[in-house]
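The structure appears right after this line, and notes come after that.
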Amino acid sequence: MLLLGCIKEVSDYELVISLPNGLLGFVPITQISDAYSKLLSQQVAHGELPEGLNSLSDMYSPGTLVRCIVTSVERSDDGRRSIKLSIDPKKVNKGLNASALATGMLLSGSVSSVEDHGYLVDIGVSGTHAFLPHEKAKNYIKALKRGPDLKVGQNLTCVIVEVKNEGRVVRLSIDRSEVAASLATEKQNWALSNLLPGLVVKARVLKVTPFGMKLTFLSYFTGIVDFMHMDPEKSMNYSPDQVVKACVLSVHPGSKAVRLTLRPAFLHPGGSPNQLSSDRMGAVVEESTVKAFYKQFGALFELDDGTLAFARLKHLSKNRKSFKSGAFKAGCKHKCRIIDYSLMDEMCIVSLKYQIIEARFLQYQDIHTGDVVQGKVLSLKPIGMQVKVADGIKGLVPSIHLADVILKQPEKKYNIGDEVKCRVLECNPAAKKLILTLKKSLIQSKLPVLTNYEDAKPGLITHGFVVCAREFGCIVKFYNDVKGLVPKNELSTEPISCPDKVFYEGQVVKVMVLKCEPQQERLLLSFRLSSKSGPEDKRECTSKEKQEVKYQIGEIVDVKVLKKKDNGLEVSILEDEDNMVAWIPTQHLSDFVATSKLLWHCLQEGDVLPKVMCLSDKGEHVILSRKSAVISAVQEEQVVRSFTEIQPGMLLTGYVRNVMPFGVFVEFPFGVTGLAPKVSMSDKFVTDTKDHFVVGQTVIAKVMSTDEEKQRVLLNLKVSECSSGDSAAESFALLNQYFKELKEIRDLLKRGESSMAQGLCELVPGKELQLVVQDVREDGSALFSGSCVTGLTVTATRYHVGEKNIVPGKKMKALVLHVDAPTSEVYVSLREELLKQRPKQVCVQFLDLCVS
């Protein structure tokens, strides 16, 4: 079947063609012409671009009319029909032969070569050489503004100006005025076998019906004009025997059916149909008026701006059962949405379906980079996952973006038809390219979305993902293919000798912009998000600016508290003749982070702390530690004093020095430092490293590997990997130490003169209290009072109230769960199962805490 079509979109590998009656067809890049296919074959064979090969976008523009032939009709996976077309002159003009060629004929051809005096044009007629002189192409090239010459493969609408040697040689013209004035006549001896779409003819009206008209033309041809192709301004004024100008739209040789159009834009060959304003696509029209209803086709509407629109039957209602033809009488008004525009019908295509009117996306242009969208899994392939975002809109989730970590078997996580939430990484409407991510870290990120280099201002902090880790640093990518470099010295506050061992492709990272050059598309980044250059625990200098090294690492001393500061204690070392001043950071008061804060709160100036270990002495100040696990490791010689002593498999006790988005730096006594990458931090999946570790936390780490040349140590902090074998004994030892330190805190509290302090030190987890309900909150939690908790805030959460019916003033038994000394808050439970088994229950509770 031959059709006249209009180019709607141009991509790298095909032309999208608007066809009559709102249909779409596709011309693959291999169906342009023989000469163009030959150049493509040369490119494939030699792997380089041959001279004369241009891209489709260099030769074709939306709005250009072309003659097409249907090569196949295929059905896609979702049941939609896909019409495959060809504009190759050998197929379109296959009904012509040399003897049938005549002056004035309007044909389609394709440039096959560029010569000195003009162009050789392939018009698809065997044994005929067609030539287009330069002077007959000059005006066309000037108006087209695509360079000084036509290009091989460029499709042309030509007029035959001269026929020689019985049709073996013809001379052509593509001059715009000559083409526009061409008219098919009886003298040109057209037959049904070679009648071509795009021909403009004079026709006579035979019959007028509500659905269109029947015409006769070129003496003995008959054709149909349907209601969508009458001239809108004259549609009610046609009458039998009236002579009109018409253009052939389609020819079906099998059924001998010919369809024509009377729309003015097609009555001058070489012209272009009207196009819809881009801002109207997707617009919702609150009131559109029914002009006519055709029960087998659909309804014709007049929109708010006076233009006509058509809705197919399936778009008039949600389904067939809900359809009521009475609602579409002439004059009825309906709400609709413009979902497409048919260039060949010069008419909007609308839908009255509620789900389409309310739809967030109708076309790729509606989607913006950074949008969070819902989709449905269509297929899983090696390159990634195909996701359907909306009808006609599909996106690709590359394999590295299927999760925060690389999935080796994504089919175990995702199934066809699953609903997924994605974020748009890149959207190119012209190429219908949509790249998505399923990484939760990116989807849930509240940081600014970086979509262009102009927005990358110094100091901006945002999320990106690693695409390359090399010796020089990391390349981090953002949205719309924006990417930047994190140099090696900006990877961490600690030296990283081998970035490829710490970072992996696809890893989500938080970065700060240091510098951006938008014109050069250069971006300098840093993983060091803080601008502070020194340690957080900067202290005032002592009276002695520099002291000699007097205390060795591991040496045990007694100290007296001189001053409490926000991040630690300033102490003096007892029995030191020089009254040397030292420093105990808050996190080094205990192995337990919570206990460290409690001890800092309870200690007072003048208190003596026995058995404190020297952690470092750099000449300016001595750093001390009360971490019992670290002290035990040093005393039992379960430490390494230099890098050379470290061996893979060792279990070492240390403390967290720094928490970064990509991992945790752990420091050991004697200054050795190692890195536990994100993947080796926990047996659980790690989204945010700060959710698992804090600075100063005591840890046991297993050495994974060492690099002597680069002085690098990689560690494992997974509990399953860091046990010496008797995990129960280790847990009870920690539990014993925890209770010991709690007793120390209670003893310190007893010194307080206030009744509140005395009350706090008497309260321990597991103790049973007699309390009075003071208030019941809206969330189900309760407040209590009592003589034993005077001045304290006593609370039971809704869960720990249980099923008991409580009202203000009622006396209740309660079990102490937790005492927060700094805030004077006590948490209790009323649940019977805890009150009955409280000693065992409390022990298990603390054991679980220590193990975790």
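Including glycine, each Cβ sits where the backbone N, Cα and C put it.
Remember, TrEMBL labels are computer predictions, not curated facts.
Here's what TrEMBL has on this protein:
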DOMAIN    1-88  domain 'S1 motif'
DOMAIN    104-175  domain 'S1 motif'
DOMAIN    198-263  domain 'S1 motif'
DOMAIN    282-353  domain 'S1 motif'
DOMAIN    370-439  domain 'S1 motif'
DOMAIN    459-528  domain 'S1 motif'
DOMAIN    649-718  domain 'S1 motif'
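In this chain, the domain 'S1 motif' (1-88) lies in contact with the domain 'S1 motif' (282-353); the count of Cβ pairs under 8 Å, excluding pairs fewer than 6 apart in sequence, is at least 3. By the Cβ criterion (under 8 Å, sequence separation of 6 or more), the domain 'S1 motif' (198-263) is in contact with the domain 'S1 motif' (104-175), since 3+ such pairs are found. The domain 'S1 motif' (104-175) shares the most Cβ pairs under 8 Å with 1-88, out of the stretches 1-88, 459-528, 649-718. Counting residue by residue with DSSP, the domain 'S1 motif' (104-175) contains 13 helix, 34 strand, 25 coil. Shown for the domain 'S1 motif' (1-88): DSSP residue counts in helix, strand and coil, namely 23 helix, 36 strand, 29 coil.
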